[in-house]
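First up is the structure itself, then whatever we jot down about it.
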């Protein structure tokens, strides 16, 4: 039972860590497993080339082995899309992206035909998406073949046309006819402009590059921030059907920023903590639940992994719960967002303080040792000043090479919550029955709260019950747990719970039964004693039965409060129920069987007489129609009559009234139709005979 309580408290501890601060971890094997689950082709292929590219790109970034083979079906779709004159720029764009990864066999003449179409779209473009897909496709063709001229002659003019859609706050419009701007469109625009720079026949006007750099700085002024230090972009005013969430919007800007930074000379004046904050945003969302969000997360992190602005370094801890008893080491890892090795650096423990008291530091600056084999920075032994409790450790990353300081961003100091646990020593545990007047000990028992106890005590309402113990940390200091409860449970399941307080280093509770007789509802008899001592940082939390005490209390007075009704187990409603015995009405007395059969025979006599009359009179078929159509209706009419008679028999034997009436309704409609047709025929035939 004590182990269960300890596990529960550790669970509460883990939840409290997650709620207090986000501890960011680089991409791990859990992402690779999730990718294989999210990107599962149906019948060997994906729904479209965009989905196929997202799956292939994700597998490529994560280096997944054993991925599903979709090359055959995807290459077939790529060939059909690139070879079709009716393919849209969107379709061509994603087909070329898939081809960049799979390297399908595409004739160079097809690339030439596509290039001329795309250049025409670029020259006549009137929306941001036209520029984005067409220019992006030309960049992809440039990377896949060298025999096609994809360079733009009027790159400055195209740059101006795209730039004309920008706004003063760094956001962009999707077209000149749409006055609304969005942050998501800004990412598309930056990616398109990066393509223009890479496809330019001559250098782009430097003033245009400088202006665009300033627009990027303005765009980053609109970053939103979470309390954990992560940054993200969000839309401010977009139509509901065009709305992009923070993940897709931030992903769009990151792609555009990194693409533009890779094709220009010089740097973009952005602070490194914002780039690190974007990385924290993508890592902080965990594993998205759908393939589109998962791709945006992984692709954006891949862009940040090798960009020319700043490469973020992530400080992570394999464990934030350290045990003094087990002598756990403090370990710190520093990696890129995709888990690659960091450049040469040192990790310093700048300071550590007890949570809630920042002014008092328990550890001064201390550099962690480095294990090159496991790529882990560690602290051999926690200092003596660290005892069980909740701390905040402040780490600082120091890059060794000055050149790396221009490439990587560490975000300055990183504060991480650390929980130090240990086995708490329980000493001098005693339980005693005291005399109420003199306070002298009548009965006293030692308790072993680490083992089993079966203490048997007896007391009356003139005596007291005392429980006392001491708690000591592994460092020998006084320890006060979050929970210390003393419970008495009567044999009728009435419970009484008391909080165990402390006076100095001693925990003690004294129950004066004379003052508790009303609270105990004057219930004499056996009481089970239970002690609970629990804390999130206490590895040996206690939930243990101590023993029993027989209480002799006065008789219940007339006007004294009655004890509460016994608690009902909430799970008892799912158990077996009492059997229900039904009492049915006694059946009415029925007539003898012979009388019933005689009555049945009498009811059948008219029908028998009808049959005899038919035999005596004979069947007259002279008026039965001879032509095909009237004869058919006459035949169907007689079948309908027979069906109605059969329905009456079935109603008598097995059918209920509602089923019979429903069926009779269909048969009645049928009989009305065919009867009307045959009677109309007979009437016309009779009229012809009269006039003849």
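Using N, Cα and C of the backbone, Cβ positions are placed for all residues, glycine too.
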Original post:
When TrEMBL marks a stretch as transmembrane segment, which of 570-594, 595-619 is it?
Top reply: 595-619
Original post:
If you run through the domain 'Ribophorin II third' (428-551) with DSSP, how many residues end up as helix, strand and coil?
Top reply: 4 helix, 75 strand, 45 coil
Original post:
Of the residues in the domain 'Ribophorin II C-terminal' (584-684), how many are helix, strand and coil by DSSP?
Top reply: 79 helix, 0 strand, 22 coil
Subject >> Model confidence over the domain 'Ribophorin II N-terminal' (27-305), averaged pLDDT >> reply: 92
